[in-house]
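According to TrEMBL, the protein has these features:
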ACT_SITE  D88  active site, nucleophile
BINDING   Y215  substrate binding site
DOMAIN    342-446  domain 'Pseudouridine synthase I TruA alpha/beta'
Amino acid sequence: MVMELILPRRTYCMAIGYNGTNYYGMQIQSNTNNCKYIETIESKLEEALIKSNMVVIRKSKDEYVNLKEFNSSSFLTNINWTRVGRTDKGVHSVCQIVSFRGSLKVSDNDLQEELNIIMKYSEEDLNSLYNKIREYNTIKNPLITNPLLHNCNNKKNIKSDKSKKESLDIVIEETIQNYLLKKLNLILPQTIRIFTLIRVSKNFDARKDCSRRQYEYIMPEYVLYPVKFIKQDLYEKLQGIAQSRSIENKSNFKSKYKNKRNRDDLINDYNYCEDEDIDENNNENDQDLKELRIKRYNQHELLRSNNYNLDHYPYIEEICFNRIKEYELNELELERFSKILNQYTGTHNFHNFTSRLEYNNASAWRHIDKINVNRLPVKNGLKLLKITIKGQSFLLHQIRKIIALAIEIYRGSAPLSSINLCFGSRKYSIHLAPSQGLLLDRVYYDHYNQRINSSVNLNDVNIPYLIFDDLKLQYVKLIEEFKINQIYPVIGKYILDGKWNEWIDTINRHPFIIDNFAMDI
């Protein structure tokens, strides 16, 4: 007979990586209107957690919920599931953070034997095992209580004062955590990997406690190949209109800070807080606003279908993809593209870079810390650029529109002033760069770590910092390996298959300068 061991109820977080190509985004989706099953990352995670039979929910002190009682997504709801962000269909991640609260249960023979051996350890051997487990998951620092609290050597070494029983409890709990991690990875498909499972504070929320998010966007250099307008006089007229709007925009721009929220408010706003993460189920209260957007969209589509009543189409000379694939930026050109992108850094109104937000909505204000552009090593003849964007939080489609507009400015199909114009109150239409180039790269929990550091709650003593950018950590090495070996090749294949060519054709047919200024001619 196998003895069951059930740990006290705890909150845990997991760092997850996934290839988003064949999934309909991160968030689990309810099966409404008798639609077929929609496969998402969360649906696979929920399935794996239930199959593992290691996460249980208490009804009372000695009674537990039967997992078979749960319908789709209700299990995640009952374990207080949170996520750092909802990525859209096709978007990848190497550092998606999710959290849940429940009791871990073990009844497996293999682990039972391992636990029986651990229970017979001497105190000296137990401390050695404790250190090995902590060293595997964290940065070892024997002078402090929390293995990840750097430069805190004045803290009392509570661990050394612990009784054998307390040390034993910690070792057993971490052994069970690691076993659950291995079991989940055996159940999950190879496209979804869990890199670590860490105990966190009781009320931890993966989204609300995240201070910063960092994304990468991978794109081919040839996308930046300059274009040439067939009708130069039309192009010059459009540039003149853009210049007039730019002057008008500057005069209105002076009042923007009257409506801007304090940066602290930006940090604490969780309604619109990450890329691909506006609640699509949230019904709009302002019916007039919804109707205005529909009217605006229909008018724009009608103008497009009539080529904006212009007597010339196409607007841009046709390009030979076989020829432009050899295109490569020199250092000065790379610097120019970087300068275009860095116009986005700082705090700005990004209402034009998302959907369902107007200029006067406070949630449109976002802060971007930095944007870097680097070349990736050439592989399979591909010359790729990696754009790294780090900020507090991002809106639905914000990063993909940021990239798309920067590309159009560089190649000449959007005026140089386009970014600043889009920060203003007027509505602009911006293309959406392909989702397959985007990945959630890193998340930062600086404020959470500070809170844990200063906590006087004894339950927080053995809770480590959440750090996902230090390669001395074993799980961070796994994250980086997954990105290089699993995600980059998928993005490269997408480019080799010519999918970017379709997108270039689209922006050539409907360049930003035509879409947004032709109606003023």
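In case you wondered, yes, glycine gets a Cβ from its N, Cα and C as well.
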Rounded Cα-Cα span from the residue listed as 'active site, nucleophile' to the residue listed as 'substrate binding site', Å: 13
Those recorded positions listed as D88, Y215, and which of them has the most Cβ atoms within 10 Å of its own Cβ: Y215
Y215 (substrate binding site) in three-state DSSP notation: strand
Confidence summary (mean pLDDT) of the domain 'Pseudouridine synthase I TruA alpha/beta' (342-446): 95
